[in-house]
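Taken from TrEMBL, the feature transmembrane segment covers 21-41, 47-70, 91-112, 143-161, 181-202, 229-249.
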Amino acid sequence: KKQQRSSVYHINNTFNTPFSLFAQVFGLSSVAQVVLGKGLTGQYLSINLAFGIGVTLGIHASGGISGGHLNAAITIMEWALGKLDWRHLSAYLIGQFVGSFLAAATVFALYYDSLYDYTGGNFTVTGPTATALIFATYPSPSISLPGAFFTEFTATVMLILGVQVIHDERNNAALKGTQPLITGILVLGIGLGMGMNTGYAINPSRDLPPRIFTAIAGWGTEVFTAGKYWWWIPVIAPILGCFSGSLIYKLLIDFHNEPEEEIEKKTEQTDVETS
């Protein structure tokens, strides 16, 4: 009954929209502050910290509802592996994309006056006053598309490996209640080490909805053609990275874990000895 009630609750009450918006606003607004403040009101580190904080709070907010589904690549992976049915998949993806889109709109409204002052009303994707990068990721001019793809792929492999380590009860999972914080630190670490090339999207729902918003809000279709049509890489590479990271974890760690029955026996034996 509890499981049935939980499933109904997930479908009827979660489109994850408020939680995705909550998490994304922290990150996007930090980029806006760095760009529009011309480096005087923040640096690259502040962007990484803000995204880490946003992820931490987003998982805290949504953990009891959806298990913290804020990343479309991970949601799609879990559905493909049979851990989610299509109803949950649809609900979570809709919530993630709508929330991310609304987060972009929120940051746009929050910084509209500064955006207008910074650009003179001419919203551009490239150039000295480019501001599209506030909302979506764009590759460094020095990096090739294969290099950009490999960067996003590798960063997402690191993400899914970290997420599985944090939550694997058969291995050495993080203490209950600390998982959101450690996941935020994981995202911070990825940004600090692998953010230069592409801006570490590592999540289709973090990148595509704000990109669509910018196309509507005045930046035009160049948001999809810039960077040699870069836009599809933050969508596809994280999904493939999730599957690859999950396979790596399964082969190198999960297959070598003790069976759950053995863990339960040891736990029961420990409880008896303690008593």
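Including glycine, each Cβ sits where the backbone N, Cα and C put it.
Note that this is a predicted model, so its numbers are computed, not measured.
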Touch test for the transmembrane segment (143-161) and the transmembrane segment (91-112), at least 3 Cβ pairs under 8 Å: no
For the transmembrane segment (91-112), sequence-distant contacts whose Cβ falls under 8 Å of one of its Cβ atoms, 6 or more beyond its ends: 10-11, 14-25, 28-29, 32-33, 36, 66, 69-72, 75-76, 84, 134-135, 205-206, 208-210, 212-214, 217
For the transmembrane segment (21-41), sequence-distant contacts whose Cβ falls under 8 Å of one of its Cβ atoms, 6 or more beyond its ends: 47, 49-51, 53-55, 57-59, 61, 70, 99-100, 102-104, 106-107, 110-111, 114-115, 118, 131, 133-135, 206, 210
